[in-house]
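Input: a single structure, listed below in structure tokens.
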Amino acid sequence: MSVFPHSQLLFSPSQTVVISGPHIQLLDTSTGALLATTIDRTEVDINKAGPIRVAALDSTGTHLATSADDKQLRLWRLDGLALLNERELPKKPTGLAFTRDGQTILASDKFGDIFSYALTPPPQTPAQKNAALASHENPSGGALVLGHASFLTAFLLAPDEKFIVTADRDEHVRVSWFPQGYTIETYCLGHQKFVSALCLPPFAPDTLVSGGGDPMLKVWDWLRGTLVREIPVLDAVAPFFKVKPARRTPRRFEDDDGDGDDGGKKKSRKEKARAKHQRKDGSAEAGPAEEAEPAEDVPEPLEADAAQPPEDTGPVFALRRIEALQPDPSDTAGYLIFSAVGATALFSCPFSASAAADVAALDFGAPVLDFSVARDGFVWVSLDGQWAEGAPSAMVRVVRLAAGKLVELDAAATTALVTALNSTCLLPATANALRTLDLYQALSALPKNNDAEHDPMDRAPLESASDAGRELSLKELGRLKSKTAVAKKAQLARPAEEEEEREAKRARSEPDDVVMDGVS
């Protein structure tokens, strides 16, 4: 029997949130008992929503935010998994996070924007609703924090929440003020490939660790934008690559969101309906169901695509997550733990510049989907246990750092929670549902297709198309108007004491500041 792997584990002080495909399960951390689940619930149509792609838990373990393929931001009260509200996001999200006070949700998306949402959505006036429909920018009234000109892949808040660090597919790492994201403090430039993971070590809050498609991790003085050192990792990771990116058919441009710019010819709904009727024995009349079908516009492949075979690519190096761990708080030594998409091992290395940057690997024999560092310092690793042929392996394994190396807990130390995650919490899944998960999508989505005529993440063509006289769509006009308004606000609304505020913001986080868990 096929089952859903656990794509994400989130820990509160006493409870564990388990994301498995489209489902959420809430477990008691100490006993492994099931406290609540969304299985057989009717609030969300899981067939329409699809698998949950991103999730975040607030620092107190009170609220959970999730979003699936239907682009709905759902807020749950953890106690009983009660659905409090849901809002439509403008684009498919790439990450979610709560602010430290738990009153604001931040959502990054595939179009390079970060919007903030109040915990409780304010009522919309008719004028606001009409404006949202006209601009296609944010149908739920989210406040724009900042925007990149590329696919936004990772973001996190500084410990004092005065800054927000963002990364994108175009090798950029940006440090902006928060919540005044239109004010850019600095850039951390030097990556040659996409950046997909960020980490602010709690034991070294003035440094940032970034990584993605480059063969090394980069350590920055992030407030100054200067590179401190590099940690080579590719040679240690490469032997554990087991998953290759899916074969890719060249297209005019690639955007699996269906929200790309109008850079290529699209079929209108009428054209789609006409083609559909022609396929049905040349029928000239449309049935009621066909007329009502709200199919989205999608880009056509290039005409030559039919004669081109799918591209066969080799292994792709893409970091999934970077975390920092200090096994002994009384010891100044810290370690970095990281995973790569499609690799079967979890990796660790010393953080200190004086220590040898030896990367150690712990191989699980199955691809690592994600990992979480619990409050006790144990590392919970989610695996694709059904990846290999034959009997499935464990979906979750628990490791810890010992003498600077990752070691797995022995059977005697296995907790009831581990047992539950590998038995009673495994939910049945159909073959089609497993294909929908697309667990290794990042291997195809993160590397840029340099042969594409148009990259839907490139916003520059909006201005050039307007200058050239091409008529812009409502979506493009709304996006261009938003960009212009933000730029104007940045010029006119800055207070006179900006320089004084800048110096105040540049102060390093105090040692006793609470560290905000970021999203990567």
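The backbone N, Cα and C atoms fix where each Cβ goes, glycine too.
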For this session: From the ranges 77-113, 484-520, grab the one TrEMBL calls region 'Disordered'.
Result: 484-520
For this session: Mind looking up the mean pLDDT for the repeat 'WD' (188-230) in the predicted model?
Result: 97
Problem set entry | Cβ-Cβ under 8 Å with the repeat 'WD' (188-230): same-chain residues at least 6 beyond its ends | 153-156, 158-159, 163, 165, 167-175, 316-324, 326, 332, 334, 336, 338, 351, 353, 442, 446-448, 506, 508-509, 513, 515, 518, 520
